[in-house]
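Copied over from Swiss-Prot, here are the features:
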type	residues	note
SIGNAL	1-45	signal peptide
BINDING	Tyr46, Cys66, Cys69, His70	heme binding site
TRANSMEM	300-316	transmembrane segment
Amino acid sequence: MNFKVCSFPSRRQSIAAFVRVLMVILLTLGALVSSDVLLPQPAAAYPFWAQQNYANPREATGRIVCANCHLAAKPAEIEVPQAVLPDSVFKAVVKIPYDHSVQQVQADGSKGPLNVGAVLMLPEGFTIAPEDRIPEEMKEEVGPSYLFQPYADDKQNIVLVGPLPGDQYEEIVFPVLSPNPATNKSVAFGKYSIHLGANRGRGQIYPTGEKSNNAVYNASAAGVITAIAKADDGSAEVKIRTEDGTTIVDKIPAGPELIVSEGEEVAAGAALTNNPNVGGFGQKDTEIVLQSPNRVKGRIAFLAAITLTQILLVLKKKQVERVQAGRDDLLKAAFIAG
């Protein structure tokens, strides 16, 4: 009988294999970290930053937290039906208007098109409709389902969208499924509020509190500008000599344009650059009624009863008028004969 001898890797081979795997892991992590350091993530129209930093995107004051990073105010619009029936799919149309002829400052200081993003806070129980519930005619208007992301697993009624190319998604159609109080006891018929937050373009402040390169940069101290050093990547350093002789260096990233020159005297907080931001954030609130089908039927029956009553009254009035006219004719004939 022949036996096949199984060979096992030596200890040295095992260690070498482990080292190779470890090196691959370290190189991968290094690439990821360096990409974030060398090419920092832009303060774009990223609603998920609110998701990462706030349990609820709407503060007690009613303000949506996206406004903390997007400082300029811009309009936002939303259109929904006045009322919907339970377990039905309807459209929530969000419009994020902006001037398509302008370009924004990108993370590297170059100019590029604006992106858009939105957070739609639907009433409790309202969610994005599943693919199989969206009517065919509505599918032509609605984008891919992966565009719509829930704010959290337990907040399916709060929907995030973006960042998306503004040229294609200035108008976003949300397919919304209304709840059914017959199967969801936490929902009742009545009037509910809907809150929209929408932005176009990059933000001015990161969630960490640091400025992006899409913001105004100011003098950190009062004094005289002694030197301005511009780097090849578009960034600059502005040196300010204060009254006590101290030199302060303000660093300006690539993107904002300097509006000061050497020898100029500046006050503390004075703008050293222009405001490169062309985007902004808008908020809009509206209402929707979850209507009971029985109430609709009752209202229709009530209106039908009123209409029928009015018709009967008109017919009765005409009948009385005919009888009265006949009686008048008889009296007139009797008077003539007498």
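Just so you know, glycine gets a Cβ as well, placed from its N, Cα and C.
Remember, it's a predicted structure, so these values are computed and weren't measured experimentally.
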Packing count at Cys66 (heme binding site) (other Cβ atoms within 10 Å of its Cβ): 24
Cβ packing number for His70 (heme binding site), 10 Å threshold: 27
Local Cβ density at Cys69 (heme binding site) - other Cβ atoms counted within 10 Å: 23
Helix, strand or coil at Cys66 (heme binding site) [DSSP, three-state]: helix
